[in-house]
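Q: So that we are looking at the same thing, I have put the structure below in structure tokens.
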Amino acid sequence: MEEWLKITLCVSLFATFRDFRPVDSFYTSYLTSPAVNFTAEQVTEDIYPINSYATTSLIIIMFLVTDYVLYKPIVMLDALSSMVMFLLVLEPVTLFKSKLSMVFLGLTSASELAYMSYAYAKIRDRKLYQKMTGIVRGSNLLGKCLSSTFAQIAVSVLHIEYGLLVYISLAGSIVALAFSFFLPPVNVSIYFHPESPKTAKPKVNYSTFHNHCHKDLGPCLVEKSPKPVRVVFDQLYSELRDAYTNPYLLKYGIWFAFATGVYFQVMTYNDVLYLKLNERNPVNNKLYNGGVDALAFISGALSSYFIGFLKVNWKSTSDLFFFVGSLLSCITLCVCYVTTSLNLVYIMYIMFCFVFQSMNVVARSETAKNLKHDSFAFIFGVVFFISLVVSSVFTYLFVQGTIVAVPVNVQFFAGSGKAGRGGDANARASGDGNPRVQYKQCNNSLGESPPFRCRGGSVESGK
């Protein structure tokens with residue numbers, strides 16, 4: 001077996017078990033169940049926002065630490081922090097423990113770039129990036145699919161309590177941690193531990209010079225020193241400038257910043273929307289969260305595998321591909337806003353995940369292939385940080401209700417606007433700097449005011 005394929009399979013196994021977390025599909029139901037007994041408002045406004053804030057504050061720090069410690073320790077920390085999160089939400093659950101668990105979930109989310117960065121650091125052939133990205137991303141989604149399928153069967157057929165799903169999710173994190181020990185170590189990194197150029201004059205450790213150096217026994221051993229922090233930051237600035245003065249890379253960065261922020265919001269609050277619609281009409285809006293997640297993730301996994309091996313000149317076709325994908329994302333989230341049918345929301349959610357994962361593989365692989373330097377983790381870390389800042393501001397102002405607390409379906413409508421702007425900005429940033437495709441942003445065509453409630457006010461309106 002080729003070396004790159006061995007590494008890809010190792011990372012894929014880690015990614016599969018890392019996301020085998022059956023409780024995710026019913027996490028809101030678990031927190032609002034009699035065993036825990038939080039209200040939906042507590043979950044939405046007090047608990048879930050901590051995840052967004054924690055991820056935002058940790059993402060850049062985690063990137064620099066990842067490079068300094070040569071990737072593998074952070075991959076292990078990823079699985080370990082997930083274990084701690086599930087340990088904190090084992091019964092009995094308190095509000096403090098549930099909030100603290102969101103901090104560790106944020107640490108896990110911030111560490112997610114580590115295993116992809118590890119793969120790019122070990123596989124240096126850029127021609128293999130698209131295949132590797134498709135395989136690893138597909139394996140990640142396969143783990144989520146298996147997790148969601150198990151969760152739905154456990155809840156609907158076996159009638160297992162939600163609390164047991166937490167233990168099974170903990171077991172998945174333990175297996176992921178075990179697999180991380182078998183990952184081959186990385187000897188060099190991009191910034192703090194780069195490869196020494198052949199023409200450079202090495203720093204000789206004279207204390208070992210006599211023992212290891214002889215004119216007839218080849219070159220002497222040298223001592224490597226990590227780069228000073230100032231030099232590293234100068235290099236980071238230079239690479240950021242080089243990447244985003246390139247229009248082709250800029251458009252992927254803009255799309256990623258918008259789309260990832262929307263995806264993060266959808267994945268955080270989708271089951272809150274499901275629960276609200278179920279409470280409104282329990283007979284016709286039955287919960288099938290696990291089964292729907294399974295379909296969404298398996299469709300995304302198949303799409304990732306397929307696109308990973310697809311031979312397409314993305315420089316000439318990506319504008320149309322991202323325009324259509326962003327438009328579909330906009331439409332699906334708009335439908336989630338206007339409908340009261342949970343089954344229709346499920347269908348739109350599956351479509352949204354399929355479209356996002358398809359575009360995500362292209363954006364990641366094309367960015368990695370066209371960077372001047374091997375700075376994938378940093379470049380995507382920056383745009384991920386920007387998307388999280390936008391998401392955190394939105395959460396603080398409108399989800400927690402600092403200004404206006406909007407219902408969850410209105411949050412999906414706002415997400416549709418951001419998804420549409422991402423596609424439009426992508427087109428405007430392409431090639432010659434002119435938009436090749438344009439479209440109007442989705443608007444509320446129902447002729448009615450969106451539901452909202454003002455904090456501290458005496459008037460509430462809504463559907």
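Using N, Cα and C of the backbone, Cβ positions are placed for all residues, glycine too.
Annotation comment: TrEMBL describes 417-448 as region 'Disordered'. The feature transmembrane segment is assigned by TrEMBL to 77-96, 102-121, 164-183, 248-267, 287-308, 320-340, 346-363, 375-399.
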Q: Short question: which residues 6 or more past the ends of the transmembrane segment (346-363) have a Cβ under 8 Å from it?
A: 130, 133-134, 137, 141, 252, 255-256, 259, 263, 266, 270, 274, 288, 292, 295-297, 299-301, 303-304, 307-308, 314, 318, 321-322, 325-326, 328-329, 332-333, 335-336
Q: Can you see whether the transmembrane segment (375-399) and the transmembrane segment (164-183) are touching - at least 3 CB pairs under 8 angstroms, only pairs 6 or more apart in sequence?
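A: Touching, no - the transmembrane segment (375-399) and the transmembrane segment (164-183) miss the threshold of 3 or more Cβ pairs under 8 Å.
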Q: Run the contact check on the transmembrane segment (320-340) against the transmembrane segment (102-121): 3 or more C-beta pairs under 8 Å, excluding pairs closer than 6 in sequence.
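A: Answer no, regions not in contact.
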Q: Should anything in the same chain at least six residues away from the transmembrane segment (102-121) have a Cβ under 8 Å from its Cβ atoms, list it; otherwise answer none.
A: 7-8, 11, 14-15, 18, 47-48, 50-59, 61-63, 66-67, 71-72, 74-75, 77-78, 81-82, 84-85, 88, 129, 132-133, 136, 183, 186, 188-190, 364, 368, 374, 376-377, 380-381, 384
Q: Same chain, outside the transmembrane segment (164-183) by at least 6, Cβ under 8 Å from its Cβ: which residues?
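A: That would be 10-11, 13-14, 17-24, 26, 30, 72, 75-76, 78-80, 82-83, 86-87, 89-90, 118, 143, 147, 150-151, 154-155.
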